[in-house]
């Protein structure tokens with residue numbers, strides 16, 4: 001029996017994974033029988049996903065995968081989309097439910113201005129055309145956590161359309177081999193979130209929590225311009241950063257503020273698109289990539305074995321690493337869309353169309369929002385590269401961790417150390433410590449000021465770099481102490497007293513005549529041994545370059 | 001005292017000729033005495049007496065809240081009332097006590113009105129007879145008038161008098177009967193296709209349907225959101241104008257209410273119709289129109305003409321499509337609005353717990369009557385993906401044409417349309433139930449629902465002055481639209497004098 005051969009693979013490496021587990025799963029592209037093919041319409045991109053196939057009995061057949069995404073981002077707002085209840089994660093069940101949220105008869109929706117502004121901001125940041133008139137619709141289905149029996153959404157005329165999102169994927173083995181890609185954005189629509197059902201199987205009960213019911217969502221529909229899990233995950237990651245930069249969503253996947261459904265199909269190049277499946281409720285970037293790649297391979301396998309792909313909804317089992325058909329979504333739903341009669345059309349203005357004397361509380365000016373858009377992640381990264389001569393991959397890494405960039409910038413403000421030094425300390429040592437202990441930047445025991453002070457000590461050679469690492473460890477352990485305090489307590493400062501250093505060197509040389517002889521006989525490495533001895537004698541408090549100079553002088557005299 | 005106008009009673013209260021509590025007790029007495037009419041589902045006696053007591057305190061201190069302070073009112077049982085059961089005459093909402101007041105109810109209470117109770121209706125306001133509610137039909141107070149009884153005796157000897165009572169019309173029949181029986185001075189109804197005007201016509205009271213958006217729907221349990229309006233039922237036009245003045249205006253809780261401030265409604269004392277152009281829509285001369293209604297209609301037109309008004313024939317060419325169009329739009333919104341009644345958050349819940357779906361099905365089967373279930377079924381059919389274009393979209397287009405009919409007529413210089421409200425006078429219950437609800441609704445809404453679809457126009461039903469002229473007992477009324485302050489006064493002057 002032949003060993004299973006991977007017939008499809010994607011070269012892109014995701015940033016998210018690149019810095020977490022280093023990614024080493026892309027060495028299989030060159031197997032015999034695999035061919036590479038460029039994807040339609042993206043010839044300008046340097047390196048393309050590798051689309052491969054096995055020779056089938058009927059001749060050469062390659063597979064191309066097509067991935068589109070529907071992303072639900074919970075809007076970061078004080079109150080819900082159509083009611084005044086507060087929005088909080090992890091509040092006691094059913095504590096944030098207004099009469100409208102519980103769909104009490106006679107209650108009516110009142111649109112939350114903040115949610116509209118968030119949608120406009122997001123639309124502008126994603127290069128969308130903002131519709132000055134958009135409409136709300138009812139989408140009907142019976143579900144226990146959907147109290148009204150319908151969801152208010154924007155099916156016919158959404159608030160923003162025709163945008164694009166640029167994202168980067170790592171295409172080579174080195175992290176510096178970055179390729180920028182673009183995915184088109186079909187539309188952004190405002191809609192209500194549902195409540196949550198908690199199934200208590202043993203007691204055959206379902207418990208309903210309506211805290212989330214009616215929270216504003218931005219549904220961002222990405223066109224099927226992606227071809228593998230890596231690309232999809234990178235696009236989602238970039239969108240996440242944009243939403244966070246805008247403040248329109250906290251976009252925390254673990255807390256369900258960003259949820260992704262993926263539409264996946266495979267086909268032979270040049271042929272019509274295949275039947276697609278939808279994988280629902282992907283709530284981490286890693287599972288998103290895994291689920292998509294699994295589904296692509298599953299579809300290819302099914303088709304090559306003469307089976308058909310069903311247009312179905314599937315879920316991803318992260319424990320088994322595979323997708324499964326969802327039981328309760330088997331029957332095809334007819335959502336019986338209908339215009340929402342309780343909400344007039346949503347009208348937006350720009351400066352040109354603003355009615356004279358309009359109440360600023362009653363109108364939304366797109367131009368006004370555009371002028372106040374904050375800096376987007378791509379601009380921030382470009383600035384970092386320009387300003388600090390940073391490598392692109394380092395600029396990605398700084399933005400990838402919540403709060404890390406701010407931490408970096410605060411350190412930079414307070415230190416005289418070189419930006420490269422700061423970057424290296426923040427990304428290697430500081431981030432390393434955080435990862436090791438599974439902490440977020442906010443939870444760090446080391447403040448930016450402390451790190452800045454430490455780097456200053458290092459910069460003016462008051463301590464050695466190995467001492468600096470010791471100080472950092474101490475800072476991490478004992479909150480509240482300053483680096484200077486630690487340095488003086490642990491006597492870690494470099495010996496600046498030239499005479500004292502000379503004395504130590506002298507003593508060491510006298511104590512090890514054999515090593516001195518070795519040096520004089522021409523063994524260049526022997527000096528390192530002397531340096532090590534001096535370092536030991538000074539408890540690592542001597543600057544190695546200074547020691548080396550003294551030793552060299554003494555040995556040559 | 002109970003036969004007086006709102007303004008007269010208000011003056012009497014201010015002058016201390018009667019106290020709010022006395023007034024309230026008089027009404028409570030009449031409510032009990034006319035219990036057989038089945039006008040009320042819930043009589044909120046305790047609440048009413050307490051409110052009256054508070055009103056009395058205000059009058060004593062001289063801090064009256066205005067013309068409505070201490071005035072007994074009733075509210076149709078599809079308006080949410082905080083702490084008072086609100087049933088929509090359905091098993092589905094039996095025992096449901098809303099935690100909030102509808103905006104219109106709150107406004108009445110804020111003005112010191114005394115809430116006597118919640119009035120009967122067709123289940124979820126779906127009907128035109130007030131015969132299809134779970135609490136039984138409402139009887140028309142005029143069934144028990146000397147004139148009507150005399151007439152029945154002449155016609156059919158030996159018939160059981162009790163079974164020959166007249167329907168009130170609907171669906172706000174309870175409110176109309178409550179006002180006609182002098183158990184309150186004003187009542188709230190709702191009007192989606194004629195539900196306020198129709199029972200007003202049959203019960204001989206004023207039924208007023210404000211323009212869509214003039215009065216808040218917040219707290220009104222919806223039938224068709226895009227057509228529903230709270231209606232006002234009173235015994236004279238001036239009373240309706242006073243109540244409208246209290247209710248009209250923007251409500252931040254209802255995004256479909258008008259933003260512009262509303263001017264107060266006052267009726268002029270002098271009526272001059274010289275500059276008035278009255279349109280008679282020729283399409284409303286339906287073959288089913290009874291000869292009595294027809295003769296009243298021409299009598300009214302002649303009256304206006306003789307006083308100097310210009311009366312012309314106009315055309316509303318899409319009238320014949322309006323009832324079927326109304327049916328599609330109404331049932332579609334009904335299907336959607338009724339989706340929330342699943343037995344989970346509130347209302348009836350069945351005992352079946354095999355699965356969530358089984359529970360939904362049984363709850364809704366037990367909770368809704370055939371009429372409601374039938375409309376849900378057809379509405380869902382019209383909204384199916386494969387039918388949406390052919391039914392819903394088409395109906396919306398026809399709705400636009402119907403609305404344009406009215407716009408065109410009013411743009412052509414017509415100030416007001418004069419039309420009948422119903423095809424005939426109120427019919428006996430036994431005759432009414434020979435036809436099913438759908439057939440009846442289609443017939444009875446024929447003159448009324450078109451303006452609901454047009455939306456923008458104000459419509460009013462004016463009673464025949466049957467109290468003064470006994471032979472006009474078989475009440476029929478006329479709709480006028482759009483109605484302005486002056487017009488309302490003119491109309492009242494004409495019809496009453």
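Using the three backbone atoms N, Cα and C, a Cβ is placed for every residue, glycine included.
Taken verbatim from TrEMBL:
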ACT_SITE  B:76  active site, charge relay system
ACT_SITE  B:171  active site, charge relay system
ACT_SITE  B:195  active site, acyl-ester intermediate
DOMAIN    B:34-145  domain 'Amidase'
DOMAIN    B:166-460  domain 'Amidase'
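Overlay of TrEMBL annotations on the structure.
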residue : record                               : DSSP (3 states)
B:76    : active site, charge relay system     : strand
B:171   : active site, charge relay system     : coil
B:195   : active site, acyl-ester intermediate : coil
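Across the domain 'Amidase' (B:34-145), DSSP classifies residues as 38 helix, 19 strand, 55 coil. Cβ environment of residue B:76 (active site, charge relay system): B:118, B:119, B:121, B:125, B:172, B:174, B:175, B:187, B:188, B:189, B:190 lie under 8 Å away, each six or more residues apart in the same chain. Packing around residue B:195 (active site, acyl-ester intermediate) is summarised by its Cβ count: 39 other Cβ atoms lie within 10 angstroms of its Cβ, all protein chains included.
A Cα-Cα distance of 5 Å separates the residue listed as 'active site, acyl-ester intermediate' from residue B:171 (active site, charge relay system). Its Cβ placed at the centre, residue B:171 (active site, charge relay system) has 38 other Cβ atoms within 10 Å. Restricting the average to the domain 'Amidase' (B:34-145) gives a pLDDT of 97.
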